[in-house]
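In what follows, a structure is listed as structure tokens, so that the remarks can point back to it.
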Amino acid sequence: MLKVLIPTIMLLPTIWLTPLKWVWTAATVHSLSIALISLTWLKWTSEVGWTMSNSYLATDPLSTPLLVLTCWLLPLMILASQNHINREPVSRQRLYIMLLTSLQAFLIMAFGATEIIMFYIMFEATLIPTLIIITRWGNQTERLSAGTYFLFYTLAGSLPLLVALLLLQQSTGTLSMLIIQYAHPLPLYSWGHKIWWAGCLVAFLVKMPLYGVHLWLPKAHVEAPVAGSMVLAAVLLKLGGYGMMRMMIMLDPLSKELIYPFIILALWGIIMTGSICLRQTDLKSLIAYSSVSHMGLVAGGILVQTPWGFSGAIILMIAHGLVSSMLFCLANTAYERTHSRTMLLARGLQVIFPLTAVWWFVANLANLALPPLPNLMGELMIITTLFNWSPWTIALTGLGTLITAGYSLYMFLMSQRGPTPNHIMNLAPFHTREHLLMALHLIPVILLMTKPELMWGWCY
């Protein structure tokens with residue numbers, strides 16, 4: 001754990017000490033080397049399940065894929081941000097990279113924490129850099145309103161969790177995941193216990209987000225700069241799923257009866273947000289709502305609490321993290337050239353940028369879960385789990401899959417096909433940096449297709 005955390009923290013002074021000419025190069029190379037070191041976590045040698053650096057930081061097969069995804073994303077965010085941050089004063093450029101790095105450090109400590117209260121503190125600490133990135137570097141004045149939504153939704157969900165954790169500490173005497181997950185289930189029968197159960201999960205359901213408490217997400221995504229959108233879609237939403245997986249283990253006796261309304265909301269949310277996607281005119285908004293739809297499926301898989309459901313949820317989280325991040329990068333490349341997110345004003349781009357149209361096509365196919373990709377594997381495992389739990393769910397999940405295919409194709413056709421408007425003929429060509437960025441998103445998805453047990457090995 002420390003072999004990645006210490007170099008990440010060392011990157012903070014490096015950014016301020018490096019000469020201006022080399023700031024972006026040094027940050028990219030340093031973060032990419034951290035990402036490559038993190039790949040060593042995937043070589044699993046431990047017999048007991050946990051590999052400890054000390055009593056507070058450890059990795060296990062559930063947190064490892066998410067930790068590697070977090071480390072992999074930092075160089076990609078730095079690559080994606082170069083063009084639009086380069087025009088800023090030097091100190092702001094350094095501050096921007098520093099915020100992204102501090103966010104990675106908080107996320108590594110959140111996913112690696114063995115104490116639930118440390119996980120909670122880091123879960124909340126990720127709010128600060130994300131909020132500054134959205135409200136300082138967002139594109140429009142609505143960024144302040146988006147930041148307020150993001151802050152208050154997350155905090156309102158998190159405070160009941162803090163109270164629930166303090167009550168848990170009082171009743172069990174420990175908040176260590178290593179001990180609690182092997183302890184006997186807590187005797188939970190009274191109404192007070194039911195409220196405590198809800199308090200434990202609401203923070204994570206808001207973060208995922210579950211349909212009904214999702215309104216902060218489209219706002220935050222649309223207003224955030226490209227790095228903000230990437231980290232939000234790829235990793236911060238997954239904090240919610242990871243937290244739910246860790247907490248569901250302790251909440252067992254009550255979960256059987258209390259999960260019904262949440263699963264119904266999650267499945268209904270897949271259809272509702274998918275339908276909203278079909279009516280979107282704003283490209284980033286469409287990708288943001290598609291994230292809500294996919295995370296609804298993940299929430300359903302986790303709430304059912306079977307090994308297949310958990311495996312499908314983590315596979316879909318990793319695959320969706322890479323694909324949605326790639327879609328936000330592609331949307332940003334179009335925005336930097338046309339200065340519009342409205343799909344009607346920037347259509348027919350395939351004629352001007354044929355190679356980029358290939359990236360768009362592959363990203364959309366991955367988003368709608370093309371057969372060999374891990375997206376389909378995760379979705380099929382969750383749909384099978386839900387069908388086993390109740391055969392009626394197949395109507396909702398099946399319709400959700402159809403709608404996903406519909407809006408993915410709609411997004412591709414609207415942005416790439418059709419007549420090219422006269423006002424966008426004279427656009428700057430694509431850079432090698434942008435093609436490299438897309439390749440670095442897509443290569444892990446294709447490689448995971450050949451070795452999916454890296455993601456789901458913890459169940460078996």
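Every residue gets a Cβ built from N, Cα and C, even glycine.
A TrEMBL annotation is a machine prediction, not a hand-curated record.
Annotated domain 'NADH:ubiquinone oxidoreductase chain 4 N-terminal' per TrEMBL: 1-110, in sequence order.
Here the transmembrane segment (21-42) has Cβ contacts under 8 Å with residues 3-4, 7-8, 11, 14-15, 59, 64-65, 67-68, 71-72, 74-75, 78-79, 82, 86, 90, 93-94, 97, 101, 104, 454 of the same chain, all six or more residues outside its ends. The transmembrane segment feature in TrEMBL is assigned to 21-42 (among others).
The transmembrane segment annotation in TrEMBL covers 62-81 (among others). Residues 4, 8, 24, 27-28, 31-32, 34-35, 37-39, 41-42, 44, 96-97, 100-101, 104, 107-108, 111-112, 225-227, 230-231, 234-235, 238, 242, 245-246, 314, 317-318, 321-322, 325, 329, 332, 433, 436-437, 440-441, 444, 454-455, 458 of the same chain, all 6+ positions outside the transmembrane segment (62-81), place their C-beta atoms under 8 angstroms from a C-beta of that stretch.
For 93-111 (among others), the entry in TrEMBL reads transmembrane segment.
The domain 'NADH:quinone oxidoreductase/Mrp antiporter transmembrane' annotation in TrEMBL covers 113-404.
Here the transmembrane segment (117-137) has long-range neighbours at 56, 85, 96, 99-100, 102-103, 106-107, 109-110, 143-144, 146-147, 150-151, 154-155, 158, 161-162, 165, 169, 175, 177, 203, 207, 220, 223-225, 227-228, 231-232, 236, 239, 243, 246, meaning same-chain residues at least 6 beyond its ends whose C-beta is under 8 angstroms from one of its own. Here TrEMBL flags 117-137 (among others) as transmembrane segment.
Distant neighbours of the transmembrane segment (149-168): 116-117, 120, 123-124, 127, 130-131, 134, 175, 180, 196, 198-200, 202-207, 209, 213, 215-216, 219-220, 250; these residues of the same chain sit at least 6 beyond its ends, with a Cβ under 8 Å from one of its Cβ atoms. According to TrEMBL, the transmembrane segment annotation covers 149-168 (among others).
According to TrEMBL, the feature transmembrane segment maps to 224-243 (among others).
Distant neighbours of the transmembrane segment (258-279): 194, 197-198, 201, 205, 210-212, 214, 286, 289-290, 292-293, 296-297, 299-300, 303-305, 386, 389, 393, 396-397, 399-400, 403-404, 406-407, 410-411; these residues of the same chain sit at least 6 beyond its ends, with a Cβ under 8 Å from one of its Cβ atoms. Look at TrEMBL and you will find 258-279 (among others) tagged as transmembrane segment.
What TrEMBL records for 286-304 (among others) is transmembrane segment.
With a threshold of 8 Å between CB atoms, the same-chain residues lying at least 6 positions outside the transmembrane segment (310-330) that come near it are 62, 65-66, 69, 73, 76, 80, 221, 226, 229-230, 233-235, 238, 241, 245, 284, 287, 290-291, 294-295, 297-298, 301-302, 356, 359-360, 363-364, 366-367, 373-375, 377-382, 384-385, 434, 437-438, 441-442, 444-445, 448, 452, 455-456, 458-459. Per TrEMBL, the feature transmembrane segment maps to 310-330 (among others).
If you look up TrEMBL, you'll see 351-370 (among others) marked as transmembrane segment.
Annotation comment: TrEMBL describes 390-413 (among others) as transmembrane segment. Beyond the ends of the transmembrane segment (390-413), by six or more residues, the same chain brings 263, 267-268, 270-271, 274-275, 277-278, 280, 283, 286-287, 290, 293-294, 296-297, 300, 343, 360-361, 364-365, 367-369, 379, 382-383 to within a C-beta distance below 8 angstroms of the stretch.
Marked as transmembrane segment by TrEMBL: 434-450 (among others).
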Item to check | Spatial neighbours of the transmembrane segment (286-304) far in sequence, C-beta under 8 Å, 6+ residues away | outcome: 205, 208-211, 214, 217-218, 221-222, 229, 233, 237, 240-241, 244-245, 248, 255, 259, 262-263, 266-267, 269-270, 273-274, 276-277, 280, 310, 312-313, 316-317, 320, 324, 327-328, 331, 343, 367, 378-379, 381-383, 385-386, 389, 393, 397, 400, 403-404, 407-408, 411
Checklist entry - Near the transmembrane segment (351-370), which residues from the same chain, at least 6 beyond its ends, have a CB less than 8 A from one of its CBs? => result 290, 319, 323-324, 326-327, 330, 333, 376, 379, 401, 404-405, 408-409, 411-412, 415-416, 420, 424-425, 427, 429-430, 434-435, 438, 441-442, 445
